[in-house]
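**Q** Have a look at this one before I ask anything.
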Amino acid sequence: MSLFSFNSMKHYLLKFRYFILKLKSNQMYHIKIVKINKKMSRQQADPAFVLNFFTEELNSDNVHHRLFAASNIQLVAAAMGAEHARTELVQFLMNANQLDGEVQMILADNMGNLVKYVGGPEYASSLLGPLKILASAEEAIVRDKAIDSMNSVCNAIPAASADNFLMTTARDLATAEFFTARASASAFIVRIYDKLSETNKTSVRQIYKSLVKDETPMVRRSALKYLPQLCELLPANIIVSEIAKDILMGSVNDDEDSVRLLLPSSLSVISAKLGDSDRLNIIVSLGKMIVKDGSWRVRSAFATEIPAIAKPFSPDVIVNEICPILFRLLHDPEAEAKTAACKATSGMLPLLSKQENFVIEKVIPELSSLTNDGSPTVRREVALHIMELAPIVGKQHVSQSIIPLFGQILHDTDNEASVALLTSLLQHVEEVDMNSIVPAVLPTILEIANDAHWRVIVAIIKLIPSFAAVLGTDEFGKKLFPLVQNWLTFQFFAVRDTMTQQLGLLVQEFGSEWATQTLVPFILQLKTRENYLIRQVTLMCISRFHGYMPINSIVKYFLPTVLYMSNDRTPNVKFMVAKTLLLFLGANDQKVTQQVSACLKTLSNDPDTDVKYYACMALLKCQ
């Protein structure tokens, strides 16, 4: 009882039996408090009683009791005192593998904080025993928490004795009977490697190599999972002499594809650590082996890592060695591997930014062949990244090499491929010569515009301002304005809304005079359409013009129409009128303000509650 007074102990025991059970009901949490029925006495406050009480709680039938007890293990250790905690509590925790998984997880998470309660750093090693037990638990999350706590404990052990304790613990885990403990050994070794002496570092690397060759796939998977972290800590000469020879070359031929699947993630780390010659001999050789792997999952994982693996290589090696490997994956028989290779090609482009001829002669033809691939996923991925080539090949070659693919992709039966292509063009519109692209693409756009899926139409609409800048008012009026009219009255809201969003940019491009002569008359006549959804488009357009047309022009052309629509038979139109009327207050005209206020007052007495609400809110803003 050296750390706690009797009163503190009594408070702990009372707190231990008070727990909160949260029961959600009607958005309220009811608190159920279960109180201790036993009377506390001074005699009950000895370490044996505390441990018995703790044991009783951990074995309670009530899960909340068990979890609450486990989360308060620090209080238990403090109440028992350092000596009793080291001997009795730690000994009890050696049987933690008999507890249920949730309790084990909480104990594993909290045991790293017990160092000061067992006597400080001098006695921290006493906690390694139960943590090794928890590191062999069946649940992966328990093992992970145990390794985290072991790391905290090992950091606390004095440097003079830490080396032996760390090495012993690593060896115990790696040679344990249960494969779960051996699986935890890899994670532990990575955490403590830098703390070991040079002699023990050599020994622990031998242990790690034995884990890579373990008979259990789960252990081998764990070893390869943590291999990138271990390689970060190793010098290049050890990676070449030990890791590449004994681990990588062996793992690439492992019987389990779930083990081989983890190998590519190590190559990117190793590639950055090696010199040019070793990098070429080891990484490229392994890459050529992996692309022939029998599992598409392994090939896909390798394709994903190719940009990171290639980054340290010289441009010549990338062109002559890495890209041929990537091209092989682009022709993989499995769609998943080809899709991953397409993404990798996108990631490789920054490394090929100065290789214009290579991209034109090799990369573009490889991607072009995939526009006819049988998998929609592959075609979609090509379409999504095809315009990323534009900054490298230049505006002239975009027209010659990339634009011819547009018609083919836009006619694809998979709508997602068309959407991906148009989205890619929109993202790179500043990097390409739209003057050459628009004439080439426009015929296809006009051909599919009326029959395309609405998502394709939305993607086309977003490009309309860019097309307008190239076509000019006359050509735009002949070729695209009929489509604009059609899209403003389209059956899907997303199309109508997206089209109204582009109107301001069209006004900005062609000027207010064009808008008042061409666009405004069409919009105004929508107010009499039978479908109220189309009538609403008039009001949507007015809000889009705000900021692009002079306010006086907006008042002149649209205020009478909005006042007329305030008598619409549909409440949805009328509450949009209430919101739209506020835009006219920017004219700072007393007559306009009076008209707006009078209309809003009328709407505030509307029988529909929504109309009344929006009208009243607008009136408040007027004031």
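Positions of Cβ are set from backbone N, Cα and C atoms, glycine also.
What TrEMBL says about a protein is an automatic prediction, not a curated fact.
Take a look at what TrEMBL says about it:
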| type | residues | note |
| --- | --- | --- |
| REPEAT | 204-242 | repeat 'HEAT' |
| REPEAT | 363-401 | repeat 'HEAT' |
| REPEAT | 441-479 | repeat 'HEAT' |
**Q** Could you give the residue numbers and ranges of same-chain residues that sit at least 6 residues beyond the repeat 'HEAT' (363-401) on either side and whose C-beta is under 8 angstroms from one of its C-beta atoms?
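**A** For the repeat 'HEAT' (363-401), the list is 323, 327, 330, 335-336, 338-339, 342-343, 345-346, 349, 352-353, 355-356, 408-409, 412, 414, 416-418, 420-421, 423-425, 427-428, 431-433, 436-437, 440.
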**Q** Averaged over the repeat 'HEAT' (441-479), what pLDDT does the predicted model reach?
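**A** A mean pLDDT of 90 is what the predicted model shows over the repeat 'HEAT' (441-479).
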**Q** Under an 8 Å Cβ to Cβ limit, what residues of the same chain, 6 or more beyond the ends of the repeat 'HEAT' (441-479), are close to it?
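**A** Non-local partners: 403, 406-407, 410-411, 415-416, 418-419, 422-423, 425-426, 429, 434-435, 486-487, 490, 492, 494-495, 498-499, 502, 505-506, 509-510, 514, 518.
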**Q** Summarise the repeat 'HEAT' (441-479) by DSSP state, stating how many residues are helix, strand and coil.
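**A** Breakdown, helix to coil: 34 helix, 0 strand, 5 coil.
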**Q** What are the DSSP helix, strand and coil residue counts for the repeat 'HEAT' (363-401)?
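**A** Split into helix, strand and coil, the repeat 'HEAT' (363-401) gives 36 helix, 0 strand, 3 coil.
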